[in-house]
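One structure is given here, and the rest of the page talks about it.
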Amino acid sequence: MPRMNEKVSYWMLVVPALAIMVIFYIVPVLGIWKIAFTEPETGLTNFVAMAGSNAVKTSFVITFRVAAITTIGCLFLGYIVAYAISNYSSRLTPLMVALVILPFWVSVLIRSFSWIVLLGRSGIVNDALKGAGLIESPLRLMHNELGVLIAMIHVMLPFAILPMLTNMRGISGAYVLAARSLGAGEWTAFRQVYFPQTMPGVMSGALLVFVLSLGFFVTPALLGGGRVLMISEYITYQIQEFLNWGLGSALSVGLLVATALVLLIAARFVNLRAALLERK
Amino acid sequence: MMPRSTFQIFFQTGAWVVIAFLVLPLLVVLPISFTDTSYIGLPKHGLSIQHYVNYFTDAAWLGATWTSIWIGLVVATCATVLGTAFAIGCWFLSDRASSIARWVLITPILVPPVVQSLGFYRFWVVLGLIDTNMGVILAHTLLALPYVSISVFAALTNLDRNIPRAARSLGASVLQTVWAVVVPAAKPGIATGFIFAFIVSFDEIVGVLFITVRRVSTLPKMIWEGIQDNIDPTIAAVATVLVVITLAATAIGVMRKK
């Protein structure tokens, strides 16, 4: 136990960052709550408008649907990669890890731009399909939910892979070996012995991807072409097009509350500390 | 080579397919950037470097690139200093209060970018920071702090608490102990934190869209506006430059590990 005056000197190290965060970040974000309840008038007007609007309802449904499908897609694809990396070690394993981390360093903006180039009306995919004589007129691959989902899964995939990888690397191979030697087939041993042990990693990955997807803006805005209005884009519409700060802020509060609820529910299944605070 | 079961084939081949899905889309900007057309598309009659020439001679693109680089470096420095001190203080304290402080510091990871940007906008108006470099630096430092704090703290988990204790009992002051014992141990985490902080700032777009108007332009903002208005292949040239730098850095990293 550090002595009292010693504790003070440790707090001196903590306080600058903490103070800046509280004053310039926490206070402004709380300010959004205040706007939601006070502009244009004090009361619940904005929330009443929000609850009564079908457009808002649709936007929330789209947001949760896109986030959910993205999460499932990332978990499925990511599991395969994480499994292969942690169970079949070869000369190529370090390369695989590097390639998983690589997209992290390329900005979301550029990755979304790449998907526009690929999926557009006269994009590479459509041109290739037409060149091969497989289609007559271009397919609609973006400016719809499909395009948003493809690009979102691409952007979020590393967030799903890394927690699963950390988890799988800590799993001893002895259990699967034991199951196999007792006569279980490869798939049975995987399903009944290996898979349950990977649940903590799967859950942390799911939480990260879902929470980040809920509030995502760049990719849905670029690939959705205004037709897949997730809440974040809906908020910017309200504020930039209609200067409706009241409704925009109320929607922000709604999004924050939704995120907080997801975290609260997740806390029952996931070790939030390990998933967020002590991320490797 | 052992005969492989469907199970192994599924996971081994599957993993490479997924990795191809992750990496190949990053490379499509390469052929596009050499197009001889004035719109986004594959080269028609031959390769052309006109879009690179445009990028490297256009004052707006170069100015934005330079702004992003220097702001990124300032942000990385500020966030690394503040975040390292923070993480070290919390590591020493390791009590309930410091644990809460660590949760407070990572909120920017959890709050949706648009929501925090609204907050920044309103507060920056009050502070007179709209459309200033200072405003961008402050916002980016806040967004980068969680990453520095997490990576420095992670580096410290392996440090034996008895070592700083020994330094203290031999008469070193708290500051001397931090500087001579803890900081060296945290170095890998500090370096990672610095790089993370730079990247966070260099790639940040939503905040910049809200808190800058005309005077301040960063590279992501130029790319964003380029995609919105007219899709100009210069974006592909810029993207290629950035992707190639990233690939080279990753390759060097892999080599050094080997």
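The backbone N, Cα and C atoms fix where each Cβ goes, and this holds for glycine too.
Taken from TrEMBL, the feature transmembrane segment covers A:12-33 (among others).
Sequence annotations record features per position, and here TrEMBL assigns domain 'ABC transmembrane type-1' to A:60-266.
The transmembrane segment annotation in TrEMBL covers A:62-85 (among others).
What TrEMBL lists as transmembrane segment is A:97-118 (among others). Within its own chain, the transmembrane segment (A:97-118) has Cβ neighbours under 8 Å at 81, 85, 124-125, 141-142, 147, 150-151, 154-155, 157-158, 161-162, 165, 218-219, 222-223, counting only residues six or more beyond its boundaries.
Residues or ranges marked as transmembrane segment by TrEMBL: A:146-165 (among others).
Within its own chain, the transmembrane segment (A:201-223) has Cβ neighbours under 8 Å at 63-64, 66-68, 70-71, 74-75, 78-79, 82, 108-109, 111-113, 115-116, 119, 142-143, 147-148, 150-152, 155-156, 159-168, 230-233, 236, 255, 258-259, 262-263, 266, 269-272, 274-276, counting only residues six or more beyond its boundaries. The transmembrane segment annotation in TrEMBL covers A:201-223 (among others).
Per TrEMBL, the feature transmembrane segment maps to A:243-270 (among others). Beyond the transmembrane segment (A:243-270), the same-chain residues lying 6 or more positions past its ends with a Cβ under 8 Å from any Cβ of the stretch are 29, 32-33, 35-36, 39-40, 45-47, 49-50, 56, 60, 200, 203-204, 207, 210-211, 214-215, 231-232, 234-236.
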With the cut-off at Cβ under 8 Å and a gap of six or more residues from its ends, the chain residues touching the transmembrane segment (A:146-165) are 66, 69-71, 73-75, 77-79, 81-82, 85-86, 97, 100-101, 103-104, 108, 111-112, 115, 119, 140, 198, 201-202, 204-206, 208-209, 212-213, 216, 219-220, 222-224, 228, 275, 279-280
